[in-house]
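For reference, the structure discussed in these notes is given below.
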Amino acid sequence: MANYINKNVPRVAIGAFYGQENCDITLSVTSAKDTGHDFIILPITHSNYKRFLFDQVDKDINDMQVNDNTFNNDKQHMEEWRKGHPFLKDDLIIKDNEHTDYLVGKISEWIDLDSSNHRVRTNSEIALNQQISWVSHLGFTAILAPTPTNSFANYARSLNRILGSLTYTHVWMRIPLVNEDMSCSNEIEMWERWNKLRTFCENHSKLSVALELPVDLPDEVYLERWFAEPIKAVILPTKIFLTNAKGYPVLSKKHQTFVKKLIKNKPNFVIFDDMTNKHQNGGFASYQEYIRHLNRTMPELDQIEQFASGYQDFLQSPLQPLMENLESSTYEIFEKDPVKYALYEKAVYHALLDRVAPESNQITVIMVVGAGRGPLVTRSLQAAEKAKRNVRIYAVEKNPNAFVTLQNMKSQEWGDKVTIVFGDMRKWKSPEQADILVSELLGSFGDNELSPECLDGAQKFLKSDGISIPSSYSTFISPLSSSKLHSEVSAYKDLTHFETPYVVMLQSVAILAKPQEIWKFEHPNGLMIIDNEGNPINNYHNTRYSKITFNVKNGGILHGIAGYFESVLYKNIIMSILPETHSEGMFSWFPIFFPLKTPIYLPSNSTIDIHFWRLSSSQKVWYEWCVDTSFGSSFIQNVGGRSSWIGL
């Protein structure tokens, strides 16, 4: 629904929500449009529709104020309604589809699906079905559902049955961030309530949150978990706004910070007129004008955010560079990253300074393996020029299409300083030994594009005291909560996709604990056992296993595992996608996501163990993973690489 107003600033949709139970639809829509709102939330039915909840017959019998004819007529009408009699025209506020594109329907608050009274409970379910069916028939995109009470099992059951029949309409569940009606109210209680309801409803993709903000926000650590939830609307009651010196509504600094973070996820915002009449200046329009002001004054998207635009929470399968030849467009995307190549150039520069004394005529042999279209070759030449060192460069590439570009680069730019070689680095027989071996074979998980296996094969033409760039890379994981990512994987409805890791620009997520290292690879590898041709005899030295314990301070739903890498290119030159040490401005890699088939509920202050394996056969490398907690454990996923692997 959001679009762009200038220079990468996302524009959010802002709706109006009036507190009155009965209203004139034409006047309400006109008022909302006149005050600059993009949509309006209105009750579906008139208040007189409530008569079907406590049918008048029962009340009249108790009061002994009804004759037999009235009793029989009312009873018949009631039973016809229960059988499925349509709405009466006067029961409806939303009578037709004239304003469908501008409206969100509001289900009646008086519906009580968990009443102890059987008749009230039954009538409530009929009323709920009738209201949702009507607005779904009209083609509404969204409905606002009442907040679940402390007891809501039947509410969830009824709603879940309806959700399965909806084709276009989504249900926004109204969830106050804090339960202000309780003396011991807190945000955790409301999140727990939401979590239980959506679990009852099988995490249905058409059920989302309309999060209502309170006057006093809880601590930031409690707010973070909501970013992992499917928030489609943010309700801002007028009472939460402060008054500035000119009498206009503004939000507190804490509210501003939270709202700006929410804007990045592009929910709809809703101004709820709670009839407090706190701000006279500017009228009702001033609230949405203020939110638009916050929207307009947000910082422009940085280079990473611009690059990732449209890719947030979008699942991508990792590359298979050994099995598949990359397309030119893929190379072009990676070559636009100035930070990565600047770091590589810096690493080669310092390696040359350390390798060769000043004023020396010695020629340093640099081999760029997996050269692609040649950006590392160009950077190595620039590093040599800057260091004032003589170099001879070999560029080795197996992709025949990329090799055409290398031929063009040699004839047009590099000349005799570079020898280009078509072939697999693992099988090439080099004419001389290299002083420096340069590669960009890392994946989002560090080793998931087979850098260890490739460099094992290339190590035979590196001098015994030679330098590998990168010299090492470490893999990190952290437990992750994201109902959005889990829903995306669930949509495939098979085990294979739950046993496949995905490269993804994480946005609608909550990281439940700080990332920890699980393993590391170093190059050159002095422990590798080789055959007569210098190749490793087997690949067992590249298998790994790690068990890491995480302490989860603030609870949540564990949906999967986030993965990152941190690489030492040379000495203190670090290239990283680990949040704590992320190379600023670098966008070549997004984190990797390993899903869990069955989400696990983690209460606050819980401990979990994550087991991770990197395994290998003669044809492939794969990962297996599982989680063990005292609250539930997962099965070991992707056993034997049955669903996903990287081909050797």
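Just so you know, glycine gets a Cβ as well, placed from its N, Cα and C.
Please treat TrEMBL annotations as automatic predictions, because they have not gone through curation.
What TrEMBL records for this protein:
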DOMAIN    37-296  domain 'PRMT5 TIM barrel'
DOMAIN    304-469  domain 'PRMT5 arginine-N-methyltransferase'
BINDING   TYR331, LYS340, TYR341, GLU397, ASP424, MET425  S-adenosyl-L-methionine binding site
SITE      PHE334  site 'Critical for specifying symmetric addition of methyl groups'
ACT_SITE  GLU440  active site, proton donor/acceptor
ACT_SITE  GLU449  active site, proton donor/acceptor
DOMAIN    472-646  domain 'PRMT5 oligomerisation'
Among GLU397, ASP424, GLU449, the most crowded of the recorded positions [Cβ within 10 Å]: GLU397
Other CB atoms, at most 10 A from the CB of MET425 (S-adenosyl-L-methionine binding site): 24
Other CB atoms, at most 10 A from the CB of LYS340 (S-adenosyl-L-methionine binding site): 24
Rounded distance in angstrom between the Cα atoms of ASP424 (S-adenosyl-L-methionine binding site) and PHE334 (site 'Critical for specifying symmetric addition of methyl groups'): 21
Distance, GLU440 (active site, proton donor/acceptor) to TYR341 (S-adenosyl-L-methionine binding site) (CA atoms, angstrom): 10
C-alpha spacing of LYS340 (S-adenosyl-L-methionine binding site) relative to PHE334 (site 'Critical for specifying symmetric addition of methyl groups'), in angstrom: 9
Distance [Cα-Cα, Å, rounded] between GLU449 (active site, proton donor/acceptor) and LYS340 (S-adenosyl-L-methionine binding site): 17
Farthest-apart CA atoms of TYR331, LYS340, TYR341, GLU397, ASP424, MET425, residues recorded for S-adenosyl-L-methionine, distance in Å: 24
Neighbourhood of TYR331 (S-adenosyl-L-methionine binding site), C-beta criterion under 8 angstroms, separation at least six: GLY372, ARG373, ALA402
